[in-house]
């Protein structure tokens, strides 16, 4: 039995060669693709909590650009050359090799919106992710009636000063009343003293004055001797020496 060798036409051989070349080229190119893997879709976080969004590529980043679109306005958050660590208004971006992480500390309403990533490695890639912040900003604690320490110290100091001033005022008023009362009583005291002195002087003067008795005070009797013819003394009846004299 005779066999016939397979033979391909010329255009078929050229086509196969072209396909092999393209496959080899694609394989070589695939080794340099970034193949980014990023946080996508919608990320929800409660008010005040932290959140992280990231993008990873097969090659090292050379440039990272992140923008935020919210309320119809678009603003650039980071436009940095990698690698490095960057921070701004609660956002923190860290780029090292093929890893880029965006950290939000204490999410607020101003952090919510559409984040647009523009990544540059061996290729340029664009990614988007939406951040939603739920919940409302916590209200400040109601006044419980307690005063802060500086206010308490100030109030106590003012109270002490007021008490001291009040005590001084009362003492001053009492002293003024005593002085006024003394000034009012001083003339009366002087008059009373003059009267007392006058009465005492009159008493002394009346004691020193001599007042005659209504009847004379009898004086002691004296013996009177009269010569007798017989040459002897005759004893007469006693007679007062000064019959009409009176006691002083």
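A Cβ is built for glycine as well, from the same backbone N, Cα and C atoms used for every other residue.
Under the three-state DSSP scheme, residue 55 (disulfide bond) falls in the strand class. Sequence-distant contacts of residue 55 (disulfide bond), defined by Cβ-Cβ distance under 8 angstroms and a gap of at least six in the same chain, are 36, 37, 38, 39, 99, 100, 117, 119, 127. What Swiss-Prot lists as disulfide bond is 38-55, and the listing cites sequence analysis.
For 1-28, the entry in Swiss-Prot reads signal peptide.
Look at Swiss-Prot and you will find 167-248 tagged as topological domain 'Cytoplasmic', backed by sequence analysis.
If you look up Swiss-Prot, you'll see 146-166 marked as transmembrane segment.
In this model, the topological domain 'Cytoplasmic' (167-248) carries an average pLDDT of 63.
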